[in-house]
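The annotation transmembrane segment is assigned in TrEMBL to 9-27, 47-69, 90-113, 150-172, 179-202, 214-239, 388-406, 478-499.
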Amino acid sequence: MIEPFSNDVLWIVIVGFIMAFVLAFGIGANDVANSFGTSVGSKVLTIRQACYLATVFEIAGAVLIGYKVSDTIRKGILEVTMYENQENELMLGMFASLIGSSLLLLGATFFGLPVSATHSIVGATVGFSLVCRGLDGINWNTLWTIVGSWFLSPVMSGVISVVLFLLIRWLILSAPNPVVPGLLFLPIFYGLTILINIFSIVHDGSSLLYFDRIPWWGALTASLCAGALVSLVVQLIVVPRMRNSIEESTDGLSFNGVKKCDDVYIENNVGKQSITMTPSEDKELANGNTNITNGKESATQDGMTGQDNPAYTANPEDIGANPTETKQVEADDPPEVNKLFSFLQILTACFASFAHGGNDVSNAIGPLIALWMIYTEGSVQQKSEAPLYILFYGGVGISIGLWIWGRRVIKTIGEDLTKITPSTGFTIEIGAAFTVLLASKIGLPISTTHCKVGSVVFVGWASTTKQGVDWKLFRNIIGAWVLTVPIAGGLSAASIAALRAVAL
């Protein structure tokens, strides 16, 4: 056993702080893209705006809910009792895990691959322990629980996102005037999001903030009150402004009026579909003529029963048109719906960033907290709770990484994997954030990358077709996930071998 605050191991703590910052930087450059990549991809936020929001919410998530996951990383995976009276060896091992994870994440970010920070830190922790204590040094029950969650989390996140997307398509997007139900549900979405966040913070919260003294009914009451208050504010202030803004953006036309634009949003009794027009018809529509006749079908604004929107669906094969002479108009969300969900997606991106901070910041500084606890207590048991200032330190490192190098992976998640609109982006953010938040409260270091990519693929497939997802890129991402654990473990094992030879 070493003495608390022993000068003999102070150098490990100092270089550990430096390497933990490098790891947090790598997570910020790679993993924070999971929180805001879809918002940037759907053009709701610029990269600069995403960085501002991420800085605030990543740090808030780390400080308020990050302590449980850091406990799992620093003393749940390992059999720490096997390092009794060998505290300096465990400290060197934690330092080696920081080295292995940092090298892997920085390399992956350089190539624009969204690998999992959770995989890297877990793999690195296992790697050094196998060198130091062999198979007996691993808490296999905890490890298999973590590994199992890596397979479950993308499926769970994807299912939640798809169910929410189908509900939104049924309740809002398929309505004759989608803005009306959209504005109706806007306060509900905001209230529920705030309720979930407040409850996750207060219920069984940090003892350093005295949240652990609040009973469950107190946490639930506070969450319900906060959610109801936010819903009321949104209903009284935000909804009227959004309605006026949408009316202005549609040049005074009704929400479901016909606009002079290239992207046409249409609806009939068989639902919303894309429309293929010849150049002459495209020109006529742009000039305000809503009478379109092509081959077998025709639709006029006056001819539709009870509909203000013209309805017309046709494919090149149906009308015998030459595909080279026609233009495919994508069935994107109408502009007014885009505007509505853009506002919602900013909220959910912040929610996702908060949840990410609570889970992945802890991955970055879990080994650092172990170093600090052993140094201050002189024991491998690490009985104290994770200090808030170290969680804050990790949040700052992640934010700086995003600012300097994060746009590489933001482009992969937000633009390359599948086409993302504000409505699909909203469902992706909610599904992934809810899954990560739930895992953070349980104390499971799941992969935020898995959750977000799972939601992107599930919703991308459900909202378009199988061809709507770039499966080649998806296979590359899966390959990077599979290789993350052994590569990080190998780098960490090599590092601890070198450190033992030099320092022990």
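Positions of Cβ are set from backbone N, Cα and C atoms, glycine also.
All TrEMBL annotations are machine predictions without curation.
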Same-chain residues at least 6 beyond the ends of the transmembrane segment (478-499) whose Cβ lies under 8 Å from its Cβ atoms: 92-93, 95-97, 99-101, 103-104, 108, 113-116, 119-128, 130-132, 447, 449-450
For the transmembrane segment (179-202): best-contacting stretch of 9-27, 47-69, 150-172, 214-239, 388-406, by Cβ pairs under 8 Å: 214-239
Range from 9-27, 47-69, 150-172, 214-239 with most C-beta pairs under 8 A to the transmembrane segment (388-406): 47-69
Chain residues outside the transmembrane segment (150-172) and at least six past its termini with a C-beta under 8 angstroms from it: 116, 118-119, 178, 181-182, 185, 337, 423-424, 426-428, 430-432, 434-436, 439, 446-447, 450-455, 457-459, 462-463
